[in-house]
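Taking it in order: structure first as C-alpha coordinates, then the write-up.
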Amino acid sequence: MSSANLEALQEFASSCWEKLVRQFDDLDALRQRLDYQTYILAAAALVSSLLLGIAHFATQGAIEARRNEDIEMTLEQVFPGSLHDNVLVDDVKTITEPSKTGVLETTVYIARLKGAITGVAFKFIASGGYSGPIVLMMGMDKDGAVLGVRVVAHAETPGLGDKIERGKSDWILSFDGRSLSNTSSERWRVKKDGGDFDQFAGATITPRAVVHGVESGLKFFQRHKAELLE
Amino acid sequence: MNEEFRKIIRDGLWDNNIVFSQSIGLCPLLAVTGTAVNGLGMGLATTAVMVVCNAMVSRGRLLIPPEIRIPIFVVLIAMVVTLVDMLMNAWLHEMHKVLGLFIPLIVTNCAILGRVEAYASRRPVAEASMDGLMMGLGFTLALVVLGATREILGSGTLFANASLLLGHSFAGMETVVIEKYRGFLLMALPPGGFLMLGFILAGKKILDRRLQARSKAVSVGMAETIQLEG
(Lines of atoms letter the chains of each structure in order from A; the text may use other names.)
(Lines give C-alpha, C1' and ligand atoms only; values in the text may rest on other atoms or scores of the structure.)
Protein backbone atom coordinates (compact mmCIF):
# COMPACT_ATOMS: atom_id res chain seq x y z
CA MET A 1 0.00 0.00 0.00
CA SER A 2 1.41 3.39 -0.93
CA SER A 3 1.98 6.05 1.68
CA ALA A 4 -0.63 8.32 0.08
CA ASN A 5 -3.24 5.62 0.50
CA LEU A 6 -2.23 5.10 4.08
CA GLU A 7 -2.51 8.80 4.80
CA ALA A 8 -5.96 8.94 3.25
CA LEU A 9 -7.01 5.98 5.35
CA GLN A 10 -5.68 7.61 8.48
CA GLU A 11 -7.50 10.80 7.71
CA PHE A 12 -10.72 8.92 7.08
CA ALA A 13 -10.39 7.04 10.36
CA SER A 14 -9.69 10.15 12.36
CA SER A 15 -12.61 11.98 10.78
CA CYS A 16 -14.88 9.07 11.64
CA TRP A 17 -13.62 9.12 15.23
CA GLU A 18 -14.19 12.84 15.47
CA LYS A 19 -17.72 12.41 14.18
CA LEU A 20 -18.32 9.70 16.74
CA VAL A 21 -16.94 11.81 19.57
CA ARG A 22 -18.98 14.83 18.47
CA GLN A 23 -22.13 12.72 18.85
CA PHE A 24 -21.43 12.60 22.57
CA ASP A 25 -21.38 16.40 22.92
CA ASP A 26 -25.14 16.51 23.05
CA LEU A 27 -26.06 13.55 25.21
CA ASP A 28 -29.69 14.62 25.55
CA ALA A 29 -30.22 14.44 21.78
CA LEU A 30 -28.20 11.25 21.53
CA ARG A 31 -30.27 9.42 24.14
CA GLN A 32 -33.40 10.03 22.07
CA ARG A 33 -32.07 8.26 18.98
CA LEU A 34 -33.37 4.78 18.38
CA ASP A 35 -30.14 3.47 16.84
CA TYR A 36 -28.11 4.78 19.78
CA GLN A 37 -30.37 2.92 22.20
CA THR A 38 -29.70 -0.30 20.33
CA TYR A 39 -25.95 0.27 20.33
CA ILE A 40 -25.73 1.13 24.01
CA LEU A 41 -27.64 -2.01 25.02
CA ALA A 42 -25.39 -4.07 22.78
CA ALA A 43 -22.35 -2.35 24.30
CA ALA A 44 -23.54 -3.14 27.83
CA ALA A 45 -24.03 -6.78 26.89
CA LEU A 46 -20.64 -6.92 25.15
CA VAL A 47 -18.74 -5.39 28.07
CA SER A 48 -20.54 -7.69 30.50
CA SER A 49 -19.73 -10.83 28.56
CA LEU A 50 -16.12 -9.74 28.12
CA LEU A 51 -15.69 -9.20 31.86
CA LEU A 52 -17.36 -12.51 32.65
CA GLY A 53 -15.12 -14.28 30.17
CA ILE A 54 -11.99 -12.81 31.74
CA ALA A 55 -13.22 -13.66 35.25
CA HIS A 56 -14.00 -17.19 34.14
CA PHE A 57 -10.45 -17.76 32.94
CA ALA A 58 -9.02 -16.10 36.04
CA THR A 59 -10.99 -18.24 38.50
CA GLN A 60 -11.25 -21.50 36.57
CA GLY A 61 -8.04 -22.95 37.94
CA ALA A 62 -8.79 -22.00 41.53
CA ILE A 63 -12.33 -23.38 41.36
CA GLU A 64 -11.08 -26.64 39.85
CA ALA A 65 -8.44 -26.93 42.59
CA ARG A 66 -11.03 -26.33 45.32
CA ARG A 67 -13.31 -28.95 43.81
CA ASN A 68 -10.49 -31.50 43.76
CA GLU A 69 -9.61 -30.65 47.37
CA ASP A 70 -13.23 -31.33 48.33
CA ILE A 71 -13.18 -34.70 46.62
CA GLU A 72 -9.84 -35.59 48.19
CA MET A 73 -11.12 -34.67 51.64
CA THR A 74 -14.19 -36.91 51.34
CA LEU A 75 -12.11 -39.69 49.83
CA GLU A 76 -9.81 -39.59 52.85
CA GLN A 77 -12.80 -40.13 55.09
CA VAL A 78 -14.27 -43.08 53.21
CA PHE A 79 -11.02 -44.83 52.41
CA PRO A 80 -8.43 -45.30 55.16
CA GLY A 81 -4.98 -44.07 54.21
CA SER A 82 -3.36 -47.27 55.52
CA LEU A 83 -5.02 -49.24 52.72
CA HIS A 84 -3.56 -47.33 49.80
CA ASP A 85 -0.35 -45.56 48.82
CA ASN A 86 -1.46 -44.03 45.52
CA VAL A 87 -3.19 -40.72 44.88
CA LEU A 88 -6.85 -41.65 44.45
CA VAL A 89 -7.90 -38.65 42.36
CA ASP A 90 -5.23 -39.45 39.78
CA ASP A 91 -6.20 -43.11 39.43
CA VAL A 92 -9.69 -43.22 37.97
CA LYS A 93 -11.82 -45.44 35.79
CA THR A 94 -15.07 -44.32 34.23
CA ILE A 95 -17.97 -46.75 34.16
CA THR A 96 -20.86 -46.01 31.82
CA GLU A 97 -24.23 -47.56 32.41
CA PRO A 98 -27.53 -46.99 30.63
CA SER A 99 -30.06 -45.30 32.88
CA LYS A 100 -33.65 -44.14 32.60
CA THR A 101 -32.60 -40.70 31.43
CA GLY A 102 -29.74 -41.70 29.15
CA VAL A 103 -26.23 -42.74 30.02
CA LEU A 104 -24.89 -42.52 33.56
CA GLU A 105 -21.18 -42.00 33.99
CA THR A 106 -19.59 -42.88 37.31
CA THR A 107 -16.02 -41.95 38.10
CA VAL A 108 -14.44 -44.67 40.21
CA TYR A 109 -11.27 -43.98 42.20
CA ILE A 110 -9.00 -47.00 42.38
CA ALA A 111 -6.97 -47.59 45.56
CA ARG A 112 -3.71 -49.52 45.31
CA LEU A 113 -1.19 -50.65 47.88
CA LYS A 114 2.20 -51.48 46.32
CA GLY A 115 0.52 -51.74 42.95
CA ALA A 116 -2.17 -54.23 43.96
CA ILE A 117 -5.76 -53.01 44.02
CA THR A 118 -7.13 -52.89 47.57
CA GLY A 119 -10.49 -51.29 46.91
CA VAL A 120 -12.45 -48.57 45.18
CA ALA A 121 -14.32 -45.40 46.02
CA PHE A 122 -16.97 -43.60 44.01
CA LYS A 123 -19.70 -41.04 44.15
CA PHE A 124 -23.14 -42.54 44.03
CA ILE A 125 -26.53 -40.86 43.89
CA ALA A 126 -29.27 -42.14 46.20
CA SER A 127 -32.67 -41.30 44.79
CA GLY A 128 -35.87 -41.11 46.79
CA GLY A 129 -34.74 -38.52 49.34
CA TYR A 130 -37.27 -36.22 50.96
CA SER A 131 -36.23 -33.31 48.77
CA GLY A 132 -34.12 -34.31 45.82
CA PRO A 133 -31.27 -36.73 45.31
CA ILE A 134 -28.68 -37.42 48.01
CA VAL A 135 -25.10 -37.64 46.78
CA LEU A 136 -22.98 -40.24 48.58
CA MET A 137 -19.25 -40.93 48.49
CA MET A 138 -18.64 -44.62 49.14
CA GLY A 139 -15.43 -46.49 49.80
CA MET A 140 -15.26 -50.28 49.75
CA ASP A 141 -12.60 -52.97 49.80
CA LYS A 142 -12.07 -55.37 46.92
CA ASP A 143 -14.47 -57.92 48.44
CA GLY A 144 -17.30 -55.39 48.45
CA ALA A 145 -17.45 -54.54 52.17
CA VAL A 146 -18.10 -50.90 53.03
CA LEU A 147 -15.06 -49.04 54.39
CA GLY A 148 -16.90 -45.77 54.78
CA VAL A 149 -19.81 -43.74 53.45
CA ARG A 150 -20.26 -39.97 53.58
CA VAL A 151 -23.02 -37.72 52.34
CA VAL A 152 -21.50 -35.18 49.96
CA ALA A 153 -24.59 -33.17 49.05
CA HIS A 154 -28.24 -33.26 50.01
CA ALA A 155 -31.23 -30.98 50.45
CA GLU A 156 -32.94 -32.78 53.34
CA THR A 157 -34.77 -30.90 56.10
CA PRO A 158 -32.34 -29.24 58.51
CA GLY A 159 -32.80 -30.61 62.02
CA LEU A 160 -34.55 -33.78 60.85
CA GLY A 161 -33.07 -35.42 57.79
CA ASP A 162 -29.62 -33.85 58.06
CA LYS A 163 -28.55 -36.38 60.71
CA ILE A 164 -27.18 -38.35 57.77
CA GLU A 165 -24.26 -35.88 57.79
CA ARG A 166 -21.21 -37.07 59.69
CA GLY A 167 -20.98 -33.69 61.42
CA LYS A 168 -24.49 -34.04 62.88
CA SER A 169 -24.58 -37.66 64.03
CA ASP A 170 -22.77 -41.03 63.93
CA TRP A 171 -25.56 -42.72 61.99
CA ILE A 172 -23.67 -42.91 58.70
CA LEU A 173 -20.99 -45.04 60.43
CA SER A 174 -23.50 -47.89 60.82
CA PHE A 175 -22.71 -48.94 57.25
CA ASP A 176 -19.03 -49.61 57.99
CA GLY A 177 -18.18 -53.27 57.42
CA ARG A 178 -21.50 -54.08 55.78
CA SER A 179 -21.57 -55.96 52.50
CA LEU A 180 -24.10 -57.74 50.35
CA SER A 181 -22.90 -61.08 51.67
CA ASN A 182 -22.98 -60.35 55.42
CA THR A 183 -26.31 -58.48 55.23
CA SER A 184 -29.08 -60.14 53.26
CA SER A 185 -31.30 -58.05 51.03
CA GLU A 186 -34.22 -58.12 53.55
CA ARG A 187 -31.86 -56.61 56.15
CA TRP A 188 -30.86 -53.69 53.87
CA ARG A 189 -33.74 -51.63 55.23
CA VAL A 190 -34.47 -49.30 58.10
CA LYS A 191 -35.70 -50.95 61.32
CA LYS A 192 -39.23 -49.74 60.73
CA ASP A 193 -39.31 -51.81 57.53
CA GLY A 194 -37.79 -54.82 59.30
CA GLY A 195 -34.14 -54.14 58.45
CA ASP A 196 -30.93 -53.46 60.36
CA PHE A 197 -30.59 -49.68 60.17
CA ASP A 198 -31.98 -47.05 62.54
CA GLN A 199 -34.35 -44.40 61.30
CA PHE A 200 -34.53 -40.95 62.93
CA ALA A 201 -37.40 -39.69 65.05
CA GLY A 202 -39.58 -37.76 62.62
CA ALA A 203 -37.64 -38.71 59.52
CA THR A 204 -37.86 -42.13 57.90
CA ILE A 205 -37.75 -41.23 54.24
CA THR A 206 -34.22 -39.83 54.34
CA PRO A 207 -32.49 -42.82 56.01
CA ARG A 208 -34.54 -45.18 53.86
CA ALA A 209 -33.20 -43.46 50.75
CA VAL A 210 -29.62 -43.59 52.02
CA VAL A 211 -29.85 -47.28 52.98
CA HIS A 212 -31.25 -48.09 49.56
CA GLY A 213 -28.57 -45.91 47.96
CA VAL A 214 -25.71 -47.68 49.73
CA GLU A 215 -27.13 -51.07 48.79
CA SER A 216 -27.44 -49.99 45.15
CA GLY A 217 -23.86 -48.74 45.32
CA LEU A 218 -22.65 -52.15 46.47
CA LYS A 219 -24.65 -53.80 43.70
CA PHE A 220 -23.11 -51.39 41.23
CA PHE A 221 -19.67 -52.50 42.43
CA GLN A 222 -20.62 -56.15 42.11
CA ARG A 223 -21.83 -55.64 38.54
CA HIS A 224 -18.56 -54.07 37.47
CA LYS A 225 -16.21 -55.90 39.82
CA ALA A 226 -14.29 -57.71 37.12
CA GLU A 227 -13.79 -54.55 35.10
CA LEU A 228 -12.75 -52.47 38.10
CA LEU A 229 -10.34 -54.90 39.71
CA GLU A 230 -8.47 -56.05 36.62
CA MET B 1 -19.48 14.96 56.60
CA ASN B 2 -22.25 16.85 54.91
CA GLU B 3 -25.98 16.60 55.42
CA GLU B 4 -26.62 14.43 52.31
CA PHE B 5 -24.23 11.72 53.41
CA ARG B 6 -25.61 11.73 56.94
CA LYS B 7 -29.09 11.25 55.51
CA ILE B 8 -27.88 8.38 53.29
CA ILE B 9 -26.40 6.62 56.30
CA ARG B 10 -29.50 7.06 58.45
CA ASP B 11 -31.80 6.00 55.60
CA GLY B 12 -29.81 2.92 54.73
CA LEU B 13 -29.31 1.60 58.23
CA TRP B 14 -32.58 2.53 59.88
CA ASP B 15 -35.16 5.00 58.54
CA ASN B 16 -35.48 3.43 55.10
CA ASN B 17 -33.94 0.03 55.80
CA ILE B 18 -34.56 -2.41 52.93
CA VAL B 19 -36.04 -5.04 55.19
CA PHE B 20 -37.32 -3.23 58.25
CA SER B 21 -38.97 -0.32 56.42
CA GLN B 22 -39.33 -1.20 52.74
CA SER B 23 -39.97 -4.91 53.39
CA ILE B 24 -38.38 -5.96 50.10
CA GLY B 25 -35.71 -8.53 49.32
CA LEU B 26 -37.44 -11.05 51.57
CA CYS B 27 -36.76 -14.09 49.36
CA PRO B 28 -33.03 -14.32 50.10
CA LEU B 29 -33.68 -13.03 53.61
CA LEU B 30 -35.89 -15.93 54.64
CA ALA B 31 -33.88 -18.53 52.76
CA VAL B 32 -30.48 -17.95 54.34
CA THR B 33 -31.14 -16.64 57.84
CA GLY B 34 -31.08 -20.04 59.53
CA THR B 35 -27.84 -18.96 61.20
CA ALA B 36 -26.20 -15.61 61.88
CA VAL B 37 -23.08 -16.44 59.87
CA ASN B 38 -25.07 -17.40 56.77
CA GLY B 39 -26.89 -14.10 57.09
CA LEU B 40 -23.62 -12.22 57.40
CA GLY B 41 -22.13 -13.90 54.33
CA MET B 42 -25.21 -13.28 52.22
CA GLY B 43 -25.43 -9.69 53.48
CA LEU B 44 -21.82 -8.90 52.61
CA ALA B 45 -22.15 -10.46 49.14
CA THR B 46 -25.29 -8.41 48.52
CA THR B 47 -23.55 -5.26 49.78
CA ALA B 48 -20.67 -5.78 47.36
CA VAL B 49 -23.12 -6.20 44.48
CA MET B 50 -25.06 -3.09 45.49
CA VAL B 51 -22.00 -0.85 45.77
CA VAL B 52 -20.60 -1.93 42.40
CA CYS B 53 -23.96 -1.72 40.61
CA ASN B 54 -24.80 1.69 42.06
CA ALA B 55 -21.37 3.08 41.16
CA MET B 56 -21.49 1.72 37.61
CA VAL B 57 -24.99 2.95 36.88
CA SER B 58 -24.28 6.34 38.41
CA ARG B 59 -21.10 6.68 36.35
CA GLY B 60 -22.91 5.89 33.11
CA ARG B 61 -26.22 7.51 33.94
CA LEU B 62 -25.92 10.21 31.23
CA LEU B 63 -25.30 7.55 28.59
CA ILE B 64 -28.26 5.37 29.49
CA PRO B 65 -31.51 6.32 27.70
CA PRO B 66 -34.54 6.08 29.98
CA GLU B 67 -36.42 3.91 27.47
CA ILE B 68 -34.05 0.97 27.77
CA ARG B 69 -32.62 1.60 31.24
CA ILE B 70 -34.24 -1.50 32.80
CA PRO B 71 -32.67 -4.06 30.39
CA ILE B 72 -29.28 -2.38 30.82
CA PHE B 73 -29.58 -2.44 34.62
CA VAL B 74 -30.60 -6.10 34.53
CA VAL B 75 -27.62 -7.03 32.35
CA LEU B 76 -25.21 -5.14 34.61
CA ILE B 77 -26.62 -6.57 37.85
CA ALA B 78 -26.61 -10.11 36.45
CA MET B 79 -22.98 -9.66 35.44
CA VAL B 80 -21.88 -8.40 38.86
CA VAL B 81 -23.73 -11.21 40.66
CA THR B 82 -22.13 -13.83 38.41
CA LEU B 83 -18.72 -12.27 39.10
CA VAL B 84 -19.30 -12.41 42.86
CA ASP B 85 -20.42 -16.03 42.51
CA MET B 86 -17.24 -17.00 40.63
CA LEU B 87 -14.91 -15.10 42.94
CA MET B 88 -16.50 -16.56 46.07
CA ASN B 89 -16.32 -20.05 44.61
CA ALA B 90 -12.62 -19.59 43.96
CA TRP B 91 -11.49 -17.80 47.11
CA LEU B 92 -14.18 -18.19 49.77
CA HIS B 93 -14.94 -21.78 48.92
CA GLU B 94 -16.18 -22.98 52.33
CA MET B 95 -18.67 -20.14 52.49
CA HIS B 96 -19.64 -20.74 48.90
CA LYS B 97 -20.52 -24.33 49.75
CA VAL B 98 -22.99 -23.08 52.34
CA LEU B 99 -24.39 -20.12 50.42
CA GLY B 100 -23.71 -21.33 46.88
CA LEU B 101 -27.32 -21.98 46.05
CA PHE B 102 -28.38 -18.51 47.10
CA ILE B 103 -25.67 -16.36 45.52
CA PRO B 104 -27.21 -16.45 42.02
CA LEU B 105 -30.48 -15.55 43.70
CA ILE B 106 -29.06 -12.13 44.62
CA VAL B 107 -30.02 -11.25 41.08
CA THR B 108 -33.68 -11.59 42.03
CA ASN B 109 -33.30 -9.24 44.98
CA CYS B 110 -35.50 -6.38 43.89
CA ALA B 111 -33.74 -4.11 46.39
CA ILE B 112 -30.72 -3.91 44.06
CA LEU B 113 -32.70 -2.93 40.97
CA GLY B 114 -34.75 -0.65 43.21
CA ARG B 115 -31.74 1.31 44.51
CA VAL B 116 -30.14 1.49 41.07
CA GLU B 117 -33.36 2.79 39.55
CA ALA B 118 -34.50 5.11 42.33
CA TYR B 119 -31.18 6.52 43.48
CA ALA B 120 -28.06 5.69 41.51
CA SER B 121 -29.47 6.64 38.11
CA ARG B 122 -30.00 10.21 39.34
CA ARG B 123 -27.03 10.88 41.60
CA PRO B 124 -23.27 11.42 41.33
CA VAL B 125 -20.95 8.45 41.84
CA ALA B 126 -19.81 9.18 45.39
CA GLU B 127 -23.32 9.51 46.77
CA ALA B 128 -24.59 6.52 44.81
CA SER B 129 -21.76 4.29 46.06
CA MET B 130 -22.39 5.46 49.61
CA ASP B 131 -26.06 4.69 49.21
CA GLY B 132 -25.24 1.20 47.94
CA LEU B 133 -22.91 0.61 50.86
CA MET B 134 -25.37 1.83 53.49
CA MET B 135 -28.40 0.07 52.01
CA GLY B 136 -26.29 -3.10 51.79
CA LEU B 137 -25.10 -2.78 55.38
CA GLY B 138 -28.67 -2.15 56.49
CA PHE B 139 -29.68 -5.34 54.70
CA THR B 140 -26.76 -7.18 56.32
CA LEU B 141 -27.85 -5.88 59.73
CA ALA B 142 -31.35 -7.25 59.15
CA LEU B 143 -29.99 -10.63 58.00
CA VAL B 144 -27.64 -10.93 60.98
CA VAL B 145 -30.28 -9.91 63.54
CA LEU B 146 -32.82 -12.34 62.08
CA GLY B 147 -30.19 -15.08 61.68
CA ALA B 148 -28.93 -14.63 65.24
CA THR B 149 -32.39 -14.82 66.84
CA ARG B 150 -33.33 -17.85 64.75
CA GLU B 151 -30.04 -19.54 65.50
CA ILE B 152 -30.31 -18.99 69.26
CA LEU B 153 -33.92 -20.17 69.38
CA GLY B 154 -33.51 -22.91 66.79
CA SER B 155 -30.28 -24.58 67.81
CA GLY B 156 -28.99 -22.72 70.88
CA THR B 157 -25.77 -21.47 69.28
CA LEU B 158 -24.55 -18.11 68.00
CA PHE B 159 -22.16 -17.47 65.11
CA ALA B 160 -21.55 -21.19 64.58
CA ASN B 161 -19.13 -21.77 61.66
CA ALA B 162 -17.89 -18.17 61.85
CA SER B 163 -14.39 -19.40 61.03
CA LEU B 164 -15.61 -20.70 57.66
CA LEU B 165 -16.54 -17.19 56.60
CA LEU B 166 -14.07 -14.98 58.41
CA GLY B 167 -11.02 -17.19 58.84
CA HIS B 168 -9.69 -19.14 61.80
CA SER B 169 -8.94 -16.09 63.95
CA PHE B 170 -12.69 -15.62 64.36
CA ALA B 171 -13.29 -19.12 65.71
CA GLY B 172 -13.67 -17.52 69.15
CA MET B 173 -16.92 -15.92 68.02
CA GLU B 174 -18.59 -19.31 67.90
CA THR B 175 -20.52 -19.56 71.13
CA VAL B 176 -23.00 -22.02 72.59
CA VAL B 177 -25.71 -19.89 74.16
CA ILE B 178 -27.86 -22.66 75.59
CA GLU B 179 -26.04 -25.82 76.71
CA LYS B 180 -27.53 -29.19 75.72
CA TYR B 181 -30.34 -27.48 73.85
CA ARG B 182 -32.59 -29.93 72.06
CA GLY B 183 -33.40 -27.48 69.28
CA PHE B 184 -36.61 -25.80 68.24
CA LEU B 185 -37.14 -27.00 64.70
CA LEU B 186 -39.74 -24.42 63.70
CA MET B 187 -37.19 -21.63 64.02
CA ALA B 188 -34.69 -23.41 61.76
CA LEU B 189 -37.29 -23.85 59.00
CA PRO B 190 -38.51 -21.04 56.69
CA PRO B 191 -41.82 -20.50 58.56
CA GLY B 192 -39.75 -19.59 61.61
CA GLY B 193 -38.13 -16.89 59.49
CA PHE B 194 -41.53 -15.39 58.71
CA LEU B 195 -42.61 -15.50 62.37
CA MET B 196 -39.37 -13.97 63.63
CA LEU B 197 -39.42 -11.29 60.95
CA GLY B 198 -42.93 -10.36 62.07
CA PHE B 199 -41.78 -9.96 65.66
CA ILE B 200 -38.76 -7.90 64.62
CA LEU B 201 -40.85 -5.60 62.41
CA ALA B 202 -43.30 -5.09 65.26
CA GLY B 203 -40.41 -4.36 67.61
CA LYS B 204 -39.04 -1.74 65.24
CA LYS B 205 -42.46 -0.07 64.99
CA ILE B 206 -42.72 0.15 68.78
CA LEU B 207 -39.20 1.53 69.07
CA ASP B 208 -39.85 4.14 66.36
CA ARG B 209 -43.08 5.22 68.04
CA ARG B 210 -41.28 5.62 71.37
CA LEU B 211 -38.53 7.68 69.76
CA GLN B 212 -41.12 9.84 68.04
CA ALA B 213 -43.06 10.38 71.29
CA ARG B 214 -39.88 11.31 73.09
CA SER B 215 -38.76 13.80 70.45
CA LYS B 216 -42.24 15.31 70.55
CA ALA B 217 -42.08 15.55 74.31
CA VAL B 218 -38.70 17.21 74.08
CA SER B 219 -39.91 19.79 71.56
CA VAL B 220 -43.04 20.50 73.62
CA GLY B 221 -40.86 20.87 76.70
CA MET B 222 -38.57 23.24 74.84
CA ALA B 223 -41.52 25.31 73.63
CA GLU B 224 -42.74 25.67 77.23
CA THR B 225 -39.36 26.80 78.45
CA ILE B 226 -39.17 29.34 75.68
CA GLN B 227 -42.64 30.63 76.57
CA LEU B 228 -41.68 30.89 80.23
CA GLU B 229 -38.52 32.73 79.38
CA GLY B 230 -40.38 34.97 76.92
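Just so it is clear, glycine is given a Cβ too, placed from its N, Cα and C backbone atoms.
Residues or ranges marked as transmembrane segment by TrEMBL: B:37-58 (among others).
According to TrEMBL, the feature transmembrane segment maps to B:70-92 (among others).
Taken from TrEMBL, the feature transmembrane segment covers B:98-116 (among others).
The transmembrane segment feature in TrEMBL is assigned to B:128-146 (among others). Proximity of distant same-chain residues to the transmembrane segment (B:128-146), defined by a Cβ-Cβ separation under 8 Å and at least 6 residues beyond the stretch ends, is recorded for 5, 8-9, 11-14, 17-20, 25, 29, 32-33, 36, 39-40, 42-44, 46-55, 57-58, 111, 115, 119-120, 193, 196-197, 200.
Positions annotated as transmembrane segment by TrEMBL: B:152-171 (among others).
Marked as transmembrane segment by TrEMBL: B:183-202 (among others).
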Among the ranges B:37-58, B:70-92, B:152-171, B:183-202, the one whose Cβ pairs under 8 Å to the transmembrane segment (B:98-116) are most numerous:
B:37-58
Same-chain residues near the transmembrane segment (B:70-92), Cβ under 8 Å, at least 6 residues beyond its ends:
45, 48-49, 52-53, 56-57, 64, 99-100, 103-104, 106-107, 112-113, 116-117, 121, 165
Please indicate, using numbers and ranges, the residues of the same chain that are 6 or more beyond the transmembrane segment (B:152-171) and have a C-beta under 8 Å from a C-beta there.
34-37, 40-41, 92, 94-95, 98, 177-179, 181, 183-188, 192, 196
When you scan the chain for residues with a C-beta under 8 Å from the transmembrane segment (B:183-202), skipping those not six or more beyond its ends, what do you find?
19-20, 23, 26, 29-31, 33-34, 142, 145-146, 149-150, 153-156
List, by number or range, the same-chain residues at least 6 past the transmembrane segment (B:37-58) whose CB is under 8 A from its CB atoms?
25, 28, 64, 73, 76-77, 80-81, 84, 88, 95, 98-99, 102-103, 106, 109, 111-112, 115-116, 119-121, 123-125, 127-129, 131-133, 135-137, 139-144, 146-148, 159-162, 164-165
